[in-house]
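Notes follow once the structure below has been shown.
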Amino acid sequence: MIKADTEIHFRDLQNLEVPDWILQPFKDYGGIMSVLGSDSWWKKTLYITGGALLAAAAYLLHELLAIRKEQELDSKDAIILHQFSRPKNGVPSLSPFCLKIETYLRMVDLPYQNYFDGRLSPQGKMPWIEYNHQQVSGSEFIVDFLEEKLGVNLNKNLTPQERAVSRAVTKMVEEHLYWTIAYCQWVDNLEETQKLLAMSGPLSDTLKWLLSHLNCSMVRREMYGHGIGRFSKEEVYSLMEKDLRTLATLLGDKKYFMGSKISTLDATVFGHLAQAMWTLPGTRPEQLIKGELINLAMFCERMRRRFWPEWFVEVEDMYYDGESESSSSSSPAGLLDLGLFSRTDTLEDSDGSSHSGGHSHTPTPDSDHSLFDSDVGTGSDNDIQLKEESMPDLEV
């Protein structure tokens, strides 16, 4: 019925008597009017255009909103971690806050289940967790919730002064350094970051372009509201360099930021530094971290090897030699999605204080000049076995 009505409508349009003064401007264009009035031309145009638009809209909705069969998540006594999909280069996440929380869960040795659904929390945050049907978003509130509910606490041995320093540095990293790294990642190096997005399908390139540019606009807008976005590019990078130098001075020659034992601050700093360390080749923050501020690179590598044994990177990517602007030619490392993860099942504690079978390494005089130090080996049996069993990149 709809098709018949449509055909009648077009016939009526063709049979209308149009005044000569309306047609006068078109008389010099030969058969254009007859073509435009053709029933078959209008049909084909409408069908093709409408079909293409509907197909594109459906695919966009499917990818952007993650339309899928509803799955009932049973979070009874289980931590469900909602976060963005893994990027293509083997880094666990392009979000420093997602990487912070997942690293924290490994540091406190709590099993968790990843859920890469792309769905934001009711507060519009990512990451967020579910536990016993309770939803918690915001990395600070997630840590507080886990400490209260499950009794874990990485900061229990810190003095009140150290706790105050830890909070102050956390706020510098999350409220200031975060924006400068985001600027480098999503504004100044947008095209390179766009390539890291894990998407597949006939419209994957279009979706990558769309999502990356939407994120770029959001970062610009929020940076402007924050105030830091009102400065020039050079001024933004100058602020970032000051923050990185502050972190390097605070770390010094210690294993972790608050001493020989890990704390929540280490998860926070690692989540942010890892973005510059492994997702921004040839950029100013990468050159600074892998060059002059090499102790920050050593810290990142120490954290990666201790809490991410399945995440491999090339040794030559651990330092900046100043010869090339980009290290994108290196092969991406495979990152396994272990799903339900427990650190004690796969990794020896490098301190040797919590688990049996740990072994210590004797420091060497050259350790200050190397990316690796006493608790990080360059070719352990565990590393070799894991590398042989590594799987291809996970794309969600």
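Cβ coordinates are placed from backbone N, Cα and C, and glycine is handled just like the others.
Quick look at what TrEMBL annotates:
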DOMAIN    22-85  domain 'Failed axon connections homolog N-terminal'
DOMAIN    96-189  domain 'Thioredoxin-like fold'
DOMAIN    241-303  domain 'Metaxin glutathione S-transferase'
REGION    347-396  region 'Disordered'
- Give me the mean pLDDT over the domain 'Failed axon connections homolog N-terminal' (22-85), rounded to a whole number. 59
- Query: When DSSP states are grouped into helix, strand and coil, how many residues of the domain 'Metaxin glutathione S-transferase' (241-303) land in each?
  - Reply: 43 helix, 2 strand, 18 coil
- Residue counts (helix, strand, coil, in that order) that DSSP gives for the domain 'Thioredoxin-like fold' (96-189): 53 helix, 12 strand, 29 coil
